[in-house]
């Protein structure tokens, strides 16, 4: 592959991949104090430690060990009194301050305490008021930290305390040493490095085994590890030491370093090898993991003390090679994995998450999808789920339906994985009983996923907050996915050139499509100059820009769900980017990047190319999730022959078949299939109509406001999917008819009230109200499918659109109708859905 050169000696170098992950921790309290202390935690299982980076030894994120698991404390209602109690737990005399919003970085695992309220004199944090252990509505973005007075409690001893900065093992990365690996993301093979002070340090590989590699790969977002040719890296390193420089790409030494059987495929213009001249700085040694840990810092290891330049004499830096999951594999390997997946439907899935690799855990049992109860749900079980789905280890094991409530059965309870199982079904679990759990206890996960850099190719401009604005994308970088970084030739480089570079670095802008950064320096003010060119920023055409496209944009930005897809953005005109570079965008809604959606490519075709009509988004961390209560449709369906003189209002609102216009009004009747529909909001945000109340339409006939043009579609389909009758229902009134226990109604239509459906509530459309029907006057007797689709045009954002359709089998004999087997569209296995669609019809009215 040819590379553009900047002058006669320019070469391209690829960015060293930084993955900021999880927490490495300063252990403070794993052994109880040797002298009695008034603040000693009650019981041997309650321990405390400080974590996070950057920080000093007397400050950090607070983590507590409870019920055999480390977790964090939420910052809701946090006070200095809380900090006093926690600092005494940690061996300090008092607190001088506290920190909110994960100032010291986001933790992993459980959030043990929330709404803690201490007076400051309590002996234990457990004596303070709080919501209960493990009962929290927070995310790790709200982890609390403390700043303790740098004075120890007399007699407080802890052998695990490592003073000063020697305790940080928090940030981990894979540094690729294969030029092909530097071009492509994700990086699957490289030297394992940990953050140390302002730079990076290596790990000695003496005693390194596959269990350690498994943990690192899990942190990097990969489900499995594979064997590394250690001798190859050893020879390469030795050659660099002998020659004082890297072996030339494609040189004899580089080619000899590979085993014969792999030489042909591994050495070539697309995968050349080199070693940078740099002094190794070993930080850790004697690393020993079991393979079930979710972070390197959970393994046992030792730090090098003092001068580590002569350390690891008989070893070399630890190198890891990982196997990417199907979503992140490339080329032939990806197709092979897709073929393997097509051989059978997976028995586990994630639902309701805004980002790839997160969601409510659902499992397939007896041909029906169901959820998992969160009793004893932990990081080990969550990691088994993540790896089974092709991601890395788990970042968080979420409880309390944090990814929304599921529907249908709850299949499993008290899942207890060791963390090394191939599948969740290999773990011990209990079958659920009706009294055990409710859907408010549905378990969920957030998995580590590989760094792909997609968020660097999109940005928002002009918005009032980082969650809104006009969408701008970077195009023209290589294959359109990743802009490339390269070096600057040193010939003629002088003070003036350096001053220009420093000025641009200080301003942080791209000059004529050229971006600049420093790499390899000891501080942020020094280093090798690297530039990136060949990409430009531009806007996106808003033709056909819908909620699905906006969902992908928000996912790529890492900002959650799309609240609104905006097609006119003149009021966000705050950017100097005016060129439109992408048009014809059509997404399925599941893509990781807008570039993965269908689009016009290099040739832009847009009806309105001005910036006023550029696409924009408003993103949100939460979204609603509507679904129909299927059993009620089945229980309430019946046929009514309704006189035409009673249907004038319905005809005015287009609730009858088109043939009704030719009827002999007011004589005759229409045959209607009537049923009740109960629409629940199981998401994490209220469902609100797209239009504001100022644009609602008053209908005099029924004397109500329409807040959405079309809220539901009702269809009668033949078994092959052809529509033979249809109806639509404008949401004449969206309100909370009933709510779950402890949930208050918020929306009511009376007196021009606010419309919507609150989380945990439902809106009931009774069978006896106008338009709650399908006009089947022209339908011939036969076997059909009744289909109801909520929010069919995706006008309002939801966390999951796949559960918006409900289907039933029905038999119509010309006089009566039997409706049965009603279910949400994604509730059954693929095999069960095929049986449903191939249903031969009823032979009698006895439904088995």
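Placed from the backbone N, Cα and C atoms, the Cβ positions cover glycine too.
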Stated TrEMBL location of region 'Disordered', expressed as one of 239-272, 273-306, 307-340, 341-374: 239-272
Largest tally of Cβ atoms lying within 10 Å of a Cβ, found at which of the disulfide-bonded residues 74, 386, 597: 386
Listed in sequence order, residues with CB under 8 A of residue 417 (disulfide bond) and six or more positions away: 380, 381, 383, 384, 424, 426, 427, 428
Listed in sequence order, residues with CB under 8 A of residue 373 (disulfide bond) and six or more positions away: 410, 412, 413, 414, 432, 436, 437, 441, 442, 443
When distances run from the Cα of residue 128 (disulfide bond) to each of the disulfide-bonded residues 289, 299, 587, the nearest one: 299
Distance, residue 447 (disulfide bond) to residue 597 (disulfide bond) (CA atoms, angstrom): 24
Fewest other Cβ within 10 angstroms of its own Cβ, chosen from the disulfide-bonded residues 87, 148, 299, 427, 587: 427
